[in-house]
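Student: TrEMBL lists 24-51, 71-90, 97-117, 137-160, 172-192 with the feature transmembrane segment. What TrEMBL records for 58-156 is domain 'Prepilin type IV endopeptidase peptidase'.
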């Protein structure tokens with residue numbers, strides 16, 4: 001025991017360590033999925049970033065219904081760097097990726113107006129749409145469909161089990177991320193990379 005270390009500080013440190021191992025393990029598995037889906041391409045940058053933050057984002061959203069900007073926003077320049085580099089190598093503009101990222105962002109922004117989604121969901125959706133859009137239209141559509149399918153099933157289960165009543169809020173970030181990873185795993189069968 002370190003001198004001057006309180007029991008609370010030791011407990012917090014133990015909690016952080018206990019979360020780090022599963023987060024790191026999941027990130028490694030997701031990184032392998034990304035590599036298999038995208039291949040050794042600059043497009044891998046965005047998906048590897050998402051792999052690194054998936055565990056913490058899911059945990060934080062489930063615990064506090066928040067998707068922190070400090071985890072989501074840095075993904076944009078990382079993903080865009082990979083997308084632009086890939087476009088330069090391919091000799092074609094990154095129109096599809098940018099259009100799909102913007103479409104996901106705007107779609108979730110519209111949903112947020114009625115209170116159905118938070119701004120964290122909006123920002124995360126834009127990033128995930130950008131990354132999936134860089135791979136192709138089909139993976140992007142699949143990611144969105146799977147996210148809403150999983151979220152819808154969870155919503156029905158909450159209503160059926162009467163957990164929290166009809167006003168219960170369900171964090172949508174984990175479903176967005178699940179949709180992203182399912183679509184990415186299926187990407188080799190759905191599409192080829194688009195500039």
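Cβ from N, Cα, C; glycine included.
Since the structure is predicted, the reported quantities are computational estimates derived from the model, not experimental observations.
Looking at the shown structure, can you explain where the listed features end up?
Tutor: A Cβ distance under 8 Å defines the sequence-distant neighbours of the transmembrane segment (24-51), meaning residues of its chain 6+ beyond its ends; these are 74-75, 78-83, 85-86, 89, 127-128, 130-131, 134-135, 177, 180-181, 184-185, 187-188, 193.
In the predicted model, residues of the domain 'Prepilin type IV endopeptidase peptidase' (58-156) average a pLDDT of 94.
Sequence-distant contacts of the transmembrane segment (71-90) (same chain, at least 6 residues past either end, Cβ-Cβ under 8 Å): 41-46, 49-50, 53, 56-57, 60, 97-98, 120, 123-124, 126-127, 130-131, 134, 193, 195.
Within the same chain, residues 30, 33-34, 36-38, 47, 50, 54, 57-58, 61-62, 67, 117-118, 120-121, 124-125, 128, 131-132, 135-140, 142-151, 154 sit at least 6 positions outside the transmembrane segment (172-192) and bring their C-beta atoms closer than 8 Å to a C-beta of that stretch.
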Student: Sequence-remote contacts (6 or more beyond its ends) of the transmembrane segment (137-160), Cβ cut-off under 8 Å?
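Tutor: Non-local partners: 96, 100, 104, 107, 128-129, 166, 168, 170, 172, 175-176, 178-180, 182-184, 186-187, 190-191, 194.
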